[in-house]
């Protein structure tokens, strides 16, 4: 049985490797204070790389998200991709980041690792919502993609999400292969905060953001009716990156401008008005949006999570009560709407398919059986939904919709991942249609 290394040795190894003065000070202070318990928690075990990539609190230590562990993960990922993806250097990597503390630095350090090995790097220098990374991988035929985000986690956390060359989140055995490659390459070979200034790095924003919205435009089938709608919509970004994208999709769908929840609409890594910046938390998380809607006379509230890959909706009732729909309710409405739109376009539904995760409601299966279309459930997580959608496409199916109950929705093939922005535009279009006919969602 291997002897357990003294915690002081692990601390010395950390200080040998770490070049960030702030995180070095954290470990030095814990050593000086003889805080063995905290040193054990931070240094004894490594942060684990899995199908979800990395996610942890941002602080010093091998088990946390910080400059060193991001560099180590990037080195392992880079070498694994070079070994397993054909023409990876030329195809390149797509990197995006959200607004959280240290996200920009983590993105820069990641880019520096790939550049140091001669890999083409496409990095969004400004904030993007998470779907822009898989969209970039798809559009550029890149070898992989990385999004720096902790989604709807508390402010202390950050994460590192990986997409494979098929523009889906990774699944086994790639997670295990990458994890081993990380362990085999722990010594930092580059520490580059200035990678975004490297002339070899390409910022694809001007090309890909318009291209993304052009594909989202395909979901807009009633622009004139949208423009005529008198329905008022209030929006909250949960202090995340979603507002510019939400505004754009609303404009492109022809709607009057969204009414923003002013206290929550700008990116703020402190998330000052919510403990958990997750619209799935319920009415407490949306209290400010409800207040803004009441003041504006709006009957519908939309919310994205901070990286805008999730979406939820609430509707005001005649009693004044706000009803927040579940992910299963929204998913069922999306599926029925997607099928109606597909059939209205004159396309055959003989090979139409819809997907959901196994923890989601059985309602989608019942809809599919009634309508005579193909349905499957997958293991939990969009990595499984997205990859299964691609497999079904190879079998000749048109996968028009997929969802998981945790308010994640995939509309069409813009990305084979959840996307809160395309969901927002599509649901607004459905709402405008119902309200024009004097109907509400919740009756």
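Placed from the backbone N, Cα and C atoms, the Cβ positions cover glycine too.
Please treat TrEMBL annotations as automatic predictions, because they have not gone through curation.
Per TrEMBL, the features are:
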- 47-184: domain 'Alpha-D-phosphohexomutase alpha/beta/alpha' (DOMAIN)
- 211-316: domain 'Alpha-D-phosphohexomutase alpha/beta/alpha' (DOMAIN)
- 327-433: domain 'Alpha-D-phosphohexomutase alpha/beta/alpha' (DOMAIN)
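Under DSSP, residues within the domain 'Alpha-D-phosphohexomutase alpha/beta/alpha' (47-184) fall into helix, strand and coil as 55 helix, 29 strand, 54 coil.
Each residue of the domain 'Alpha-D-phosphohexomutase alpha/beta/alpha' (327-433) gets a DSSP state, and the totals for helix, strand and coil are 54 helix, 22 strand, 31 coil. Across the residues of the domain 'Alpha-D-phosphohexomutase alpha/beta/alpha' (327-433), the predicted structure has a mean pLDDT of 96.
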